[in-house]
């Protein structure tokens, strides 16, 4: 039984021709041509599907891409220098939707026919490379799968930066720069116009989300903040679009960066236009900024003035003739070609069907066509398709021209022309480098990206009422950092408005202020706070204030450092002038008093007051008034030493004279016995010696002070921050307080003696006036000490001058004013040397003291 079964199986296997059949029908390409090497292409000729009535819109741009591929293949086949004796073929799939695109990619990879004989069951018609797709999302989907088979994928429009990941997409290349460069270029563009507060909207797929994320990161590096970041898809629910419109309406930013395709931007612009949301500045990605279909949107007017980067324009000789010479007869099996022709000429090629259109005559021609399909004035992404075909051709040409022993593979081997492996083609594409007819160098970086070079375009309205992107600048990432953006032609920008919009969260901080961030808000939202005193900011939007150097201070505007003002008690200012006047007045009164006493030196009142000491006292008071002048004016080395020493010596001389007068009066009136000769021990010689001795001590103290550590000019910058106090430093504080202490000691001693003699007869009580003068003197200088310590700057000098003047005036008025009154009012009586109110006559001796000889009337 088992043997019978084996015989039956052998019979069945021996009958018929063995075949390999696909379980399902193979996906047929839209446009195809056989060749020695075949290039695959994946495009979407139909876009914008309406799921309600199941219709599509024709995408002329995608169909132009496919025809450019065909044109490039035919051009290469005519070129005897490129792939000689070999013919390139193509298989172009028209797909819509990610799943259909993935199926087309797998069909290109497998290369299987519906039915293959047993002899060639393992032989497949594989392609050398796949060109496409235009979108990043579908390209990501099939590039990972195709990469497993080491088949190169070259895209002309997929810009997602994620495709540069060599681990996930090892066989992916593109003739368009990555969005990584475009995002950074857009960030620099936004910063160039001072837009630091912007909104960001992206299409909800890998292309949009990756691009906008890279842009936001680059924008933050340039100090640009994003108020909001939203995403939506043209196939998503309408509620998402409405929510984004509300976000835009409430936002304060006036600039929107849109990373999306032409489908999403048209939906968004239409909705914003319907709600009358205008006044926005759009910054767009290359996926929509130069799309001709924008004019079809009812809200295209709000896109006027949009800025964005796109790939450079180029010219392809012969392409226009190829496009205008297109006819359905060239592609009889292409369903889309029939639909395209019927749409362009509003006729029907299907004679049997009832389409409601007139039959096509067959004489229709695209020679006079004005659609975007035949427009070759601005070839940008079309040129990328053209370059992609040549990349494959040059790689294959290099592979075929490899000489044995000089190949790139192991031991210098070359690829077998009859059995070319995909990974071998992949190697040559990695190393390909050639120049186009335009002079552009085509090559790939290690990531499979092309060099980043963009044109900056500005959307403007043409005379025909259509939108056109006019080139106004160039961005080249291969240039140095400072020269990425060149040829700015800003006069061409914003022709639709009077001026560029302002989009900032906070207006700029002017010089003199610095930025302080607002709590809980982005870094672009800040308050402008004036710089503290002594600090400046000399540029706009300063983050920190700069502290002025030690000898400088900030001006009132806080935008510049100016030299600190130098302050001292000057003659020209009001306080200095008043003190000078009071000093000169004291000199005048003292001189006047001196003259009065000199004119009446023989009168009893002058002789009774010890004329020699009185004149010396008036002279010392004059010096006291004059020494106060040395404190006024700009301090210098000599003035600092003079003012303190002159003050100390003149005051000691003054107090010594008062002390001498006090001792004379006390000794004269304390003699208890008539005819006492006590005064002979304190005669004129002793009085002079006393004055000289007391003064010499002060002179000695001053000499020691000036020798050890004299006073010197000093710029005091500690008390005031905004100005320099030019004052006289004491040098040795001990010397200063020794001078003051010695004056105080003499004053106290003089005060005590005068106080003891205060009860002398009322008719001649000079001791009382000396007591008052010393009381005023001591009160002034006791008050001076705390005032001196606490007074700032020039007021310290003023306090010192005031103390000198007050004590000098006190001595002058208390000691000499009563005598002047007696001398002036009772001149005749004094001339007779009699005191009218007394019953006795006082006689004066030669020493100026009173005689105790009594004479009755």
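The backbone N, Cα and C atoms fix where each Cβ goes, and this holds for glycine too.
Just so you know, TrEMBL annotations never went through curation; they're auto-generated.
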For which of the residue intervals 769-789, 832-852 does TrEMBL record transmembrane segment? 769-789
Scan 714-735, 736-757 against TrEMBL and say which stretch is down as transmembrane segment. 736-757
In terms of Cβ proximity under 8 Å, which residues at least six beyond the ends of the transmembrane segment (795-817) contact it? 568-569, 575, 579, 582-583, 586, 589-590, 593, 597, 614, 617-618, 621, 624-625, 627-628, 631-632, 647, 651, 654, 658, 661, 727, 766, 769-770, 772-773, 776-777, 780-781, 783-784, 787-788
Which range out of 611-633, 645-669, 689-708, 769-789 gives the transmembrane segment (736-757) the most CB pairs under 8 Å? 645-669
Outside the transmembrane segment (769-789), six or more residues from its ends: residues with CB under 8 Å to it: 655, 658, 661-662, 665, 740, 743-744, 747-748, 750-751, 754-755, 757-758, 796, 799-800, 803, 806-807, 810-811, 813-815, 818
Averaging the per-residue pLDDT over the domain 'G-protein coupled receptors family 3 profile' (575-822), what integer do you get? 79
